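Participant: Pulled these features from TrEMBL for this protein:
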type: BINDING; residues: 21, 23, 217; note: Mg(2+) binding site
type: ACT_SITE; residues: 21; note: active site, nucleophile
type: ACT_SITE; residues: 23; note: active site, proton donor
type: BINDING; residues: 192; note: substrate binding site
Ligand SMILES: O=C(CO)COP(=O)(O)O
Ligand SMILES: [Mg+2]
């Protein structure tokens, strides 16, 4: 099948799938955002494909499911895609069976193990930095010397901070900036807005570019990543972005909503409010998977 025939086929079997950010869209820290549970229920009832896409590397897929379940949202592990998973898969391709020194928590450690990595405390191939509350000056000093000794610096994400119920918490980006300043080396980051994570998430749902919509609260990660990949995007104002901030950016989302509650009538939203996709943006790389998933 040539790409031209595929484009026609895409139009004929048109469906939309959603990449949904978590913090700032579904919850804010430990507080559920009103309407989020109903929104996910609707997606399940109407069989609209979706996956949660988070730059939080702290939790494993199972931990994230449990956090959601306790908030009244019932999803399976296949619905979760974290920057820890994207980072571990990326490293496993770059250097199979490698070693890492990790500044981060369970989600990152488990993802690395599942992808054939060993965690070490000297001479690692990579220093991998994610979100965490266990950082100490000793762990940073160890990391500095490993990086100066030749280990490559990898970031799960570069979010400088994250809004919480009570204010702001520091993000992995702040830790990475510390290590970059001390060592003079530049980190490579895998999480949103990196195409590595954005594209991997689209492929998890077997969607074409024109079928993919990103819903997020952060311009620098969710919306920028979507714009760069040619996905349509929806910005929610329940997280890190205020309407008056938008003038600062030279790019923007396709649609802005106050909160995810406005998307509960998702069928109507897709048909009426979401701009039509540009079919020319399509990049379907694995035909067999795509045809099977869209049959
Ligand atoms: O935790 C984060 C950055 O610290 C961001 O989380 P989300 O990507 O789910 O918004
Ligand atoms: Mg967010």
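Quick reminder: no glycine exception, Cβ is built from N, Cα and C everywhere.
Note that the structure is predicted; figures quoted are calculated from it, not measured.
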Participant: Excluding near sequence neighbours, so keeping only residues 6 or more apart in the same chain, what lies with its CB under 8 A of the residue listed as 'substrate binding site'?
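Facilitator: Residues satisfying the criterion: 21, 53, 55, 83, 157, 198, 216, 218, 221, 222, 225.
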Participant: Ranking the binding-site residues 21, 23, 217 by other Cβ atoms within 10 Å, which is at the bottom?
Facilitator: 23
Participant: Show, in sequence order, which residues other than 21, 23, 217 on the same chain lie with their Cβ within 8 Å of the centre of the Cβ atoms of the Mg(2+) site.
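Facilitator: Neighbours found: 22, 24, 25, 26, 54, 216, 218, 222, 236, 239, 240.
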Participant: If the criterion is a C-beta within less than 6 angstroms of any ligand 2 atom, which of the binding-site residues 21, 23, 192 pass it? List them in sequence order.
Facilitator: 21, 23
